[in-house]
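Quick notes on the structure that follows.
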Amino acid sequence: MFRNYTDSVQEMVLRAIDSIRDSVINASSAVSTTTLPPLDIPMTSMKPPSIIPTVELVLGTITYLVIIAMTVVGNTLVVVAVFSYRPLKKVQNYFLVSLAASDLAVAIFVMPLHVVTFLAGGKWLLGVTVCQFFTTADILLCTSSILNLCAIALDRYWAIHNPINYAQKRTTKFVCIVIVIVWILSMLISVPPIIGWNNWQENMMEDSCGLSTEKAFVVFSAAGSFFLPLLVMVVVYVKIFISARQRIRTNRGRSALMRIQNAEGDDDYRKMSIKRASVESARTSSRVGEKTPLVIADGQTTVTTLAAHSTDGGSLPKDETTKHMKYHNNGSCKVKVKDVKEDEGNPNPTAVLRKREKISVAKEKRAAKTIAVIIFVFSFCWLPFFVAYVIRPFCETCKLHAKVEQAFTWLGYINSSLNPFLYGILNLEFRRAFKKILCPKAVLEQRRRRMSAQP
């Protein structure tokens, strides 16, 4: 019964595709009789689409729909978060908006047509005009997604390598210009087949719709869409990683130097503190009756004194030994020296430096892991497709199975669904924004509890 149901669904889809194809062909033929020359691409040699096995049809359709849904939801959240959550309204996040827009367009205009082709048994039944639109949009949107990733990498590199100058240069106008350049380059790579740099007539002799296999265009588009951006991303992220490692070593060197200086200065500091206490206690003023406590602490030994007629109004932090002071009416005072433990409120500078060093190292390790994940995911998703894309025109016998080719194509599309997670969810501010968008009641409740817990 289930098999009959799926077969009937597939037959309904095929009939709908046939009607759409007929309308497109009629429209294109009507236009060609008035303005354009007719297309010399025979569509009569189409073979009837093969019937996909039931399990493959169901699992494949569900998988593709899940990928589309993840891409749409994830990238929509990124766009909404940047424009609605105040901490994310930063000019550098416009690169993420451009990336999300291109990935969202891939999910809306490109992926569904692949699903239709899959339901039709791997046959293209939508006509030549739709095929040309489909292949052009595919190249344009996927290239813009990849080039946006490259722009994000360059933005991070400039921000780390030359932070002062780039902070002044990174304005809204500058970022928008870079984004426009990304989309113009994507158009320059995707438009040539439309103006004649193609061999579509050879590819569309049968019921299929594929990218142009013209050798020069394949090399040009593969280099501009993937291999050059990949090279830029690898070089830039490696430089970022090296810069981070150098910063860690520099911080460690400074910490070690400050520890040595701190250790050498301990004895001198204690002597100066005691001497200063004796000097300050001897000072008097004409302002009779003014009492100013003077407490000097060095972390190991505390010297406490009181000058009844002091001209200095300053005091260092009070210590618990102040209650043991004794003073006389003639302006003199007794000084008690008492060994105390290190004040918990004033930790050792060396410990503070070590703590900061650990935090810095942890941040740099997380950044390095993020860089490694970004490069790995990008290469893993797109490298198989572009390797097969480049080899195909130069090796006629190296023909991939249709299912393998389809898997490579969808693996590249998966990158568009993973980008929101890599560039958004790994960021704490984006996680907070997503939580605020998806669970506003939980965020309000958490804020109320936090406010009620405060004294």
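The chain as shown is numbered from 1 upward.
Every residue, even glycine, has its Cβ placed from backbone N, Cα and C.
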Second cysteine of the disulfide that Swiss-Prot assigns to Cys131, among Cys150, Cys176, Cys209, Cys333:
Cys209
With Swiss-Prot as the source, do Thr213 and Ala407 lie on the same side of the membrane?
yes
Report which of Asn26, Asn330 appears in Swiss-Prot with the annotation N-linked glycosylation site.
Asn26
Closest-packing stretch to the transmembrane segment (61-83), where packing means Cβ pairs under 8 Å, from 134-154, 222-243, 408-428:
408-428
Counting each residue once, how many in the topological domain 'Cytoplasmic' (84-93) are helix, strand and coil under DSSP?
7 helix, 0 strand, 3 coil
For the topological domain 'Extracellular' (116-133), what are the DSSP-based totals of helix, strand and coil residues?
11 helix, 0 strand, 7 coil
What is the Cβ neighbour count of Cys209 (disulfide bond) at a 10 Å cut-off, with all protein chains included?
22
Helix, strand and coil counts within the topological domain 'Cytoplasmic' (155-174) (DSSP):
17 helix, 0 strand, 3 coil
Which sequence positions outside the topological domain 'Cytoplasmic' (84-93), separated from its termini by at least 6 residues, show Cβ-Cβ distances below 8 Å to it?
155, 159, 170-172, 175, 429-430, 432-433, 436-437
